[in-house]
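Trainee: Take a look at this one; I'll ask things after.
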Amino acid sequence: MESSAYGASLAGGAFDFGSFIKRPQTIVRLFSWLFSIVVFATIISEGYINAKVEETTKCMFNENDSACSYGIGIGILAFLACVAFTVLDAYFPQISNANDRKYIVLADLTFSGVWTFLWFVCFCVLANQWSRTDHTAAPVDAARAVVTFSFFSTATWALLTVLAFRRYRQGMDEVGLGYNDPASDHTSPYPSAYSGAPEGYQQSPFAASSTGQGGYQPPAY
């Protein structure tokens, strides 16, 4: 049986907070968590403004409410995902099933790759809308912070994707190669088929007792 899978022991190792917090994946994920808070919290608190002649508020990015909604949605989901994957990373050494670990790593890899792309789209959209915005009527510092941290989030999630891919490759090398299930080991020869009577078998003494009798005789009436 395998002794390790995806970088941790299969025996269910104890949680070490000191080594966990120093892991590159944990550090990058914490930065991603912080950047997502900056993005969606800034848009919620300062991203909607209204002109003096209007009662309704508009998004500070060229009055495009879709841009603000997109940034808030991506930021909140990224925040929740960082919390969930951080908990899974902490619980990871307790999981002794290699298949369960594989699914967690694949989920991390897939989500990180998708969110890298979505953060890049968010950065491009917000930067484009900000370039068309009348800066005199918008909170400049807040808008620039949102655009900047959207770019930082793209970089951190891209790094998380790389780290997840490395862990997946490591797990394939540790688990997927060279493991043979003992139940399916066919190296030993099959047992020989039954080939007749066992050695030393003797015919029953009663088999020939009737061979010397005469033919059938009808009973006398």
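Glycine too: its Cβ is placed from the backbone N, Cα and C atoms.
In case it helps, TrEMBL gives these features for our protein:
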COMPBIAS  201-211  compositional bias 'Polar residues'
DOMAIN    20-169  domain 'MARVEL'
REGION    193-221  region 'Disordered'
TRANSMEM  30-49  transmembrane segment
TRANSMEM  69-92  transmembrane segment
TRANSMEM  104-130  transmembrane segment
TRANSMEM  142-165  transmembrane segment
Trainee: Could you pull out which residues elsewhere in the chain have a CB under 8 Å from any CB of the transmembrane segment (142-165), counting only those six or more residues past its ends?
Mentor: 24-25, 28-29, 31-32, 35-36, 38-39, 42-43, 45-47, 60-61, 71, 78, 105, 108-109, 112-113, 115-116, 119-120, 122-123, 126-127, 130, 133
Trainee: Across the domain 'MARVEL' (20-169), what does the mean pLDDT come to, as a whole number?
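Mentor: Averaging the confidence scores along the domain 'MARVEL' (20-169) gives 91.
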